[in-house]
Amino acid sequence: MQGAERGRMQMPDDRLEREAGGLVAGVDEVGRGPLAGPVVAAAVLLPASGFPAHLAGLIDDSKKLDAAARDRAFAALLAEPGITIGIGAASVTEIGRLNILHASMLAMRRAVERLPTIPDLALVDGNRAPALPCAARCVVGGDAKCLSIAAASIIAKVVRDRAMARLARRYPVYGWERNAGYPTPAHRAGLTEFGPTPHHRTAFGLVRQLLAMRMEAVV
């Protein structure tokens, strides 16, 4: 999305972070909907002085940014000395055992716990927060409202997309380097033709449905 177009849309700001005071982290997860791969979460801990103003123009809800813009924002966030980042994930095995909601909560908790300093407050995207070692506040649509949550959404998205691209080199028939495990026609066709990998979420209804179609075709 071009800068002028983004400028006409609502952009996230750091109002909630400034109102909270103290050390504030934004928390978000990526990967609830895919048929394969982990769910990944990030926690972005801001310096006490707040969100660095020179980065604000790069940051938006990761879903609104193209891959190149996400990569630029990702690199800038990692290079910013005042910002610290924690990454958490829940595996396909954990997703199958816990269900995707609870696995997402686990990934977010792990992300916060892996910060070098536990914040005073975590701003968590959505309407439900995991049990955390700090106070938590849910912000519905937070990745479009809060800079810290938007930053976390970018970190989680880039980390997960790159992990799926690496897996795609081992399992090239599903198009994961392009679809990141989401149920695109190419991914669904690959699953129906070639069956699942150890990275597929076989507890998901759509995966079971596609595998049943594969079995019917074989019979």
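From the backbone N, Cα and C atoms, a Cβ is placed for every residue, glycine too.
Per Swiss-Prot, domain 'RNase H type-2' is recorded for 22-219.
Sequence-distant neighbours of ASP28 (divalent metal cation binding site): residues of the same chain at least 6 apart with a C-beta under 8 Å from its C-beta are ALA41, ALA42, MET108, VAL124, ASP125, GLY142, ASP143, ILE149, ALA150, ALA152, SER153, ALA156. Per Swiss-Prot, the feature divalent metal cation binding site maps to ASP28, GLU29, ASP125.
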Cβ packing number for ASP125 (divalent metal cation binding site), 10 Å threshold: 27
Within the predicted model, mean pLDDT of the domain 'RNase H type-2' (22-219): 95
